[in-house]
Each structure stands twice: as structure tokens, then as C-alpha cells.
Amino acid sequence: MSITKEFDTITAISTPLGEGAIGIVRLSGTDALAIAQSVFKGKNLEQVASHTINYGHIIDPKTGTIIDEVMVSVMLAPKTFTRENVVEINTHGGIAVTNEILQLLIRQGARMAEPGEFTKRAFLNGRVDLTQAEAVMDIIRAKTDKAMTIAVKQLDGSLSQLINDTRQEILNTLAQVEVNIDYPEYDDVEEMTTALLREKTQEFQSLLENLLRTAKRGKILREGLSTAIIGRPNVGKSSLLNNLLREDKAIVTDIAGTTRDVIEEYVNIKGVPLKLVDTAGIRETDDLVEQIGVERSKKALQEADLVLLVLNASEKLTDQDRALLNLSQDSNRIILLNKTDLEQKIELEQLPADLIPISVLTNQNINLIEDRINQLFFDNAGLVEQDATYLSNARHISLIEKAVQSLEAVNDGLALGMPVDLLQVDLTRTWEILGEITGDAAPDELITQLFSQFCLGK
């Protein structure tokens, strides 16, 4: 267990600024109780039991003016998130009252916390490792219940345990190899060492490669699928967007060229966050504003993870339709044949067979879009296996890929008959890379950069 480090006492508002039922101002540090007590009228906070909530008032110690009626939570080290003394002042929600209390605490000796500093202290004091700290932010940013499930498992230590167990096995292997090198007098020691190294390296590589296979699904659930809705003007793109969102975000008219910009919204499709991009209809136009929208649409198409191409079933294919079919053919594409509630005139024989006939007006077959997304990105395997550990963070994925490369270097060296003591270098490098994931071997600059992405008060 890490020994709690000595820091100054920090404070910040932990709830979003604005009107609300409750606001929370948090303190953490050695002097948290004394500073809170200096502005609190009620029980002596320095004498109350840990993990209790205490009623009272916040007052200005200079004037005696009551600032607010509050409930104050007292949590004593080390059984707190930061492993320091923590005080949370529960106020009435609102910008003025929370800011006033924050300024009082700063005047009484607390320092304004940096973004993510509470979680950073939890990391530095050994309460969480780096993957668990990152999971805190993932929980805050989760857009679906599936994304939250993955983040909660990571916070619970599932990824940490896997990485730490693997690092320990690598360390055990390195120790055994070192012992064998130190006792070369046995005739078969070199052969035994090579066999051990080959077996364990392949075992480690297989484990990490299996973990990498979860990255595609995990990253999608964490970051969402960038989804471009494309089609020529007035085929129903904006109506589809509104249908998926179940609210009117896009202008819907019979006038071609109404959507002149790119509209972005998130929607939860069976646990998958889709970043829906409703693009301006792609067509040749002399309207300068519309031209800009069309160019942005083409860019959105190029960058999209998923393309929803909308065609009009009540009209024959146009040159614009054919151009869009060609433009999107190399994408992860779902072709949607809209307006099937009208008389059908489109030439089906000229279209791929896996299209989905829909009617945005009557909500026909919208559920089939969700099923097709599952087929395209998850091979019908479902989204989240309850006991599985997923990679979802780009930093983790990159480091696991580097670790696999180091293990491949060991295997290549074994195949070439390189001396075992040279191969130890690459295996040791694998151990170090995995340590960067949990923070055991992460540089200070990386740690500072990661926590700077957190919000104030967390």
C-alpha cells in the first residue's frame, strides 16, 4: 500500500455550474476539516465521526453573514477517494452560492484545484491506478449504458488485474531466464531456457492479441460511430435524423437544398453511440452557401465510420444517386430505400440486394437499421459480454500494440538463434510498456497531460 503523500489542501465546485437542486463544493487535504470548520456553524467538524453528514450553515467568518443552509459530509483519511481528509459541502444549487462558498474556502487557506487534481491525488496516493483514473472520465463521458458498463468494469480493476498479472508472469520468466544464465554448467540449460522463453513469449503474445481483438468493439462503445447520412437533396435525410433522434433537430421541407450545413447529434442505438451527421444534399449548385455545405458533406463522408445512403423509392435513379453509390461503395455502408409508402419507381435491379426499404413517414423498418449496424460492426456477437475485459482507450490500444511488437521481436530472435541474454531486452521492454498502461512506468509528463483533460472538481 502506498504511503499517502503530503499535499496542500485543494477545493473546487464538483457539480456543473448553473441552477439546480444541489451544488457540491469539495475539499481534500490535511487541513480540509479545519478550513471547513472555519466557515461552518454547527457541530465541530474536527470532532465528528468519519463518513457522517452534518447539518449547519456556511457563514462568512469576517462578518458573520449566513451564506447558505448546508449539509456537510466528512470523510477521514485513508478511507476516501483521495486517501486524504475530504469534506463535501452540499449547498443549494446555483452559481452565486457555490462560488461564494468556494471563495470563502480559498480565503481560509485552500487552493483552487487544477482540473482532475482530486483523481490525480487518488492515483498518486495509490487509491487507483492510471487505467482506473481514466475510467472515471469514461464514466462521466459515457453516452450509453454499454459504454458505462465497460468503464465501470475498468474502474473496478478488470483491466488493471489482467495487465498486472501479465507483468508479474513476465517478471517471473525473466527471473527464471536469469537463473539459467547464471548456471551455465548444466548441459541442457541453454535448450531449456530457449524452450521456456519460446513458450512464455507465445503465451503472452496470444493473451495480448486476444485483448486487442476487443479494441474495435470497445473503442466504438467508448467514442461512438461517426455516421454520415448522405443522399441527394430532399430524399428524407433530415427526416431520418429526426426519426432516429425522436425530436426535430433538422429542418424538414419539400424544398431541395434546405440543409445547408452539417448537423451533428448523438443517438443511442441499442447501446451504440452514433454520432449522426446529417449532411447537406450532395449535388452541383451555384448557391455559394450550399456549395460550402456540399463540400463539408463530402468531407464527412470520407471521415465516417458508417454511411447511411438514403435513396428515394418513389423516383427513378438519377446521376446524383449513381455518383453517391460509387462514392460510398468502399465505406461501411447501409443503403436505405426511403418513401416505400409511395408508388415505387426506382430500378431495384440496379441496386445492391442488401438494401433496407424504409418509410421515415410511417417509421417502417427503422429497427432493421439497428440490426444491420450490429452485423457490420459486431458480427452479430452482441455488444458487451458481461465478464469480458475490453480495450476502449486509444492510449491503451497503442501500448498493447507496442508490447505485441516487442514480443514478436523475441520470437524472431529465437527463430534466428540469437543469444537469450539479448532477447531479455525485448521481453523487459514488454514489461515496461505494460507498466505505462497502469501508470507504474508512465512518465510524469504523460500523467500531467492525462489529468489535465479532467473537469474541475473531479
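Cβ atoms are placed via backbone N, Cα and C, with glycine included.
Residues or ranges marked as (6S)-5-formyl-5,6,7,8-tetrahydrofolate binding site by Swiss-Prot: Arg26, Glu88, Arg127, Lys458. The domain 'TrmE-type G' annotation in Swiss-Prot covers 224-378. The annotation GTP binding site is assigned in Swiss-Prot to 234-239, 253-259, 278-281. For Asn234, Thr253, Ile255, Thr258, the entry in Swiss-Prot reads K(+) binding site, with the evidence type sequence analysis. Positions annotated as Mg(2+) binding site by Swiss-Prot: Ser238, Thr259.
Distances between the Cα of Ser238 (Mg(2+) binding site) and those of the binding-site residues Arg26, Glu88, Arg127, Lys458 are shortest for Lys458. For Arg26 ((6S)-5-formyl-5,6,7,8-tetrahydrofolate binding site), applying a Cβ distance below 8 Å and a minimum sequence separation of six or more within one chain yields Thr11, Ala12, Ile13, Ser14, Val86, Val87, Glu88, Ile89, Ala113, Phe118, Gly457. Between the CA atoms of Lys237 (GTP binding site) and Arg127 ((6S)-5-formyl-5,6,7,8-tetrahydrofolate binding site) there is a gap of 49 Å. Taking Cβ-Cβ distances under 8 Å and a sequence separation of 6 or more, the neighbours of Lys458 ((6S)-5-formyl-5,6,7,8-tetrahydrofolate binding site) in its chain are Ser14, Pro115, Gly116, Phe118, Thr119, Val136, Met137, Ile140.
Most other Cβ atoms within 10 A: among the binding-site residues Arg127, Lys237, that distinction falls to Lys237. Counting Cβ atoms from all protein chains shown, Asn234 (GTP binding site) has 20 others lying within 10 Å of its own Cβ. In the structure as shown, the Cβ atom of Ser238 (Mg(2+) binding site) sits within 10 Å of 25 other Cβ atoms. Reported as a whole number, the C-alpha separation between Arg127 ((6S)-5-formyl-5,6,7,8-tetrahydrofolate binding site) and Asn234 (GTP binding site) equals 55 Å.
When secondary structure is read from DSSP and collapsed to three states, Lys458 ((6S)-5-formyl-5,6,7,8-tetrahydrofolate binding site) falls in the coil class. There are 19 other Cβ atoms within 10 Å of the Cβ belonging to Glu88 ((6S)-5-formyl-5,6,7,8-tetrahydrofolate binding site).
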